[in-house]
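Taken from TrEMBL, the feature Mn(2+) binding site applies to HIS54, HIS102, ASP186, HIS190. As annotated by TrEMBL, domain 'Manganese/iron superoxide dismutase N-terminal' applies to 29-110. Annotation source TrEMBL lists domain 'Manganese/iron superoxide dismutase C-terminal' at 116-218.
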Amino acid sequence: MLRQITSNSLNRSIWCGTRSLQLLPHRQKHSLPDLPYDYNALEPIISAEIMQLHHSKHHQTYVNNLNIAEEKLHDAISKNDTTAIIGLAGALRFNGGGHINHSIFWQNLSPNGGEPQGALLEAIKRDFGSLEAMQAQLSAAAVGVQGSGWGWLGYNKQKKAMQIAACPNQDPLEASTGLVPLFGIDVWEHAYYLQYKNVRPDYVKAIWKVANWNDITARYEAASKA
């Protein structure tokens with residue numbers, strides 16, 4: 001039986017099981033998304049230098065390497081090279097995750113800050129007891145990441161509730177845990193070291209001042225209605 005899978009990144013059809021893989025003719029490359037604000041907009045919480053390096057260098061590298069990995073995957077599929085396909089899983093997960101995570105991260109931040117309101121605030125109180133309790137749990141998860149990774153506020157569609165999670169490296173939240181990402185805190189050192197040195201807790205505490213609650217609310221509403 002032929003199972004059709006559509007993807008902007010791969011644009012391919014795949015035979016179930018171990019049968020042959022057949023490519024569709026075109027593949028759309030990924031590109032670096034524009035920031036919704038200037039590099040200096042989040043100062044003094046996050047410096048312009050950090051934002052420029054983080055966005056234009058680090059995120060761009062994930063995008064470049066994801067496109068390279070997908071080109072190799074495209075070639076491996078066309079040759080029915082299962083070993084090569086499997087061997088690309090790590091590069092696709094790391095660079096694809098980096099692209100997904102950072103694309104959310106930029107939208108999650110705003111120079112306007114603010115506080116959650118309405119249905120989102122009520123849901124936070126329902127699931128965590130209070131806004132302060134949720135922030136404390138997520139901050140602890142982010143600070144506690146061993147090495148590099150992310151702390152996340154996510155939505156569990158099965159339980160219809162928000163949950164806290166941490167992911168290592170650039171592992172994307174939804175693909176790794178099934179939780180829909182609402183708000184992520186990047187705790188790779190390139191996200192804060194130039195300004196906060198090795199004091200990750202100070203960075204995590206400060207980032208709440210530039211949390212984009214409008215974006216978090218929109219993500220919550222979309223996830224809870226899905």
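Here, residue 1 is simply the first one shown, and the rest follow in order.
The backbone N, Cα and C atoms fix where each Cβ goes, and this holds for glycine too.
Broken down with DSSP, the domain 'Manganese/iron superoxide dismutase C-terminal' (116-218) shows 53 helix, 24 strand, 26 coil. For the domain 'Manganese/iron superoxide dismutase N-terminal' (29-110), the DSSP counts in helix, strand and coil order read 57 helix, 1 strand, 24 coil. For the binding-site residues listed here (HIS54, HIS102, HIS190), the lowest count of other CB atoms within 10 A around the CB belongs to HIS190. With a cut-off of 8 Å between CB atoms and residues at least 6 apart in sequence, the same chain places HIS54, ASN101, HIS102, PHE105, TRP150 near ASP186 (Mn(2+) binding site), listed in sequence order.
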